[in-house]
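A.B. asks: I'd like to ask some things about the structure below.
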Amino acid sequence: MHLHANEKIVTSHAEFTLSPSNADADAQESRRIFRDVCCVAAGFFLLFTSYQSMANLQSSINKEYGTIAQSIIYATLLLSSLFLPTLVISQLGARNTIAVSMLGYSLYTAAQFYPTAYTLIPSAAILGLAASPLWSAKCTYLNLAAQRYAKLTGQNREVVVTRFFGIFFAFFQSTQVVGNLISSLVLTQDSVWVNSTDPALLRCGATFCHEESASNASLIKDISDTQRYTMSGIYLAFALAASAFIMAFVTPLSRHCDDAVVRSSTGRSPTQQLLATLRHLRNPQQILIIPFTFWSGLMQAFLSAEFTAAYVSCGLGVYMVGYTMICFGVFDALFSYCCSPMVKRVGRVPIFCFASLLHSCLIAVLFLWVPNPEQMYVFFVIPALWGICDAVWQTQMNGEFLVYFIVK
């Protein structure tokens, strides 16, 4: 599950201060900027290796409150996106905002040791509040670093911005592979293979009911305390390491950019930010794009909450969720890389139509198919094709926003 709803690319009309005349100093600074961008990406890799795979399991291992907690995360993220990022970034700076916001994710991960309504729901709300400043600060850091790097090296700014965001998402997409591999290896211990003749399989798939699974252990077997503690401990270590890594290895923006530039990128008050957001919602192009973004988020939520529980956990066992989601992550990453040259050849509209048709076919298959362990390949083909669709929505929706709304 990816959290992109609040990614705001912050730009500025201000000029950077003149770089030193010494070419060696410029080259050294440009290398430091590139290193910092890679370190930001590595920090997100550590954090979302923990969070993404944990989120994929919520509807399976926390049957009563897992999905509710995930809903609260996105509800609080939506509300906080209207005013919180500007306030936090202006006070802490982009680097510190990233590091502090990551601790909100750590709190949610720690709640997995003892998942009740009193631990999951408050920590989910805190995570949602932390997520909006996190993603905005990331975009602010990468964008301003790209502007400074372009000035130092004489390259086109938009080309550098695209390259830096490409580096970031190369790290980010790989979190699905590593994080889900960890969960699968931990949960494979003492796992029980589902019998293909088990009558409980008839209640998997489209007829699956979360309330029934919470009260009937025959549908989704509970994981042991040892497995829960081991997995949660590993993920908590990753999340805490991410925050520490950012503080230790990422240089504050003020070291690369003039203070006036950094301030101008976050200079709006929360009230001004809220009013600007509401005014932007009157833009006809934004209104037309909203259904696509809503669809993209809906499909991500369905895969991470419904497919993992109703099909994989119910049909095979919880320990197989990670393996199937690895397949999703690999194809998502590969097709994200392939999308750009394909769009150059055939245009964006045919790619959108292809993804829409493929997604519709997958939904029809899931509506009709009853999960069966003897049809193992289907459990992997579906998330693989889903990853292709997600790659189209993620890359091309970002492209649409860049085309229509980027600030020159």
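Using the three backbone atoms N, Cα and C, a Cβ is placed for every residue, glycine included.
Sharing the record's features from TrEMBL:
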type	residues	note
TRANSMEM	71-89	transmembrane segment
TRANSMEM	120-144	transmembrane segment
TRANSMEM	164-187	transmembrane segment
TRANSMEM	234-253	transmembrane segment
TRANSMEM	287-312	transmembrane segment
TRANSMEM	318-339	transmembrane segment
TRANSMEM	351-370	transmembrane segment
TRANSMEM	376-393	transmembrane segment
A.B. asks: If we skip the immediate neighbours and take only residues 6+ beyond the ends of the transmembrane segment (318-339), which ones have a Cβ under 8 Å from one of its Cβ atoms?
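C.D. replies: That would be 53, 56-57, 60-61, 169-170, 173-177, 179-185, 187-188, 191, 220-221, 223, 303, 308, 312, 351, 379-380, 383-388, 390-392, 394-396.
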A.B. asks: Where among 234-253, 287-312, 351-370 do we find the most Cβ pairs under 8 Å to the transmembrane segment (120-144)?
C.D. replies: 234-253
A.B. asks: Six or more residues beyond either end and a Cβ under 8 Å away: which residues meet both conditions relative to the transmembrane segment (351-370)?
C.D. replies: 201-202, 204-206, 299, 307, 311, 339, 342-343, 378, 382, 385-386, 388-389, 392-393, 396
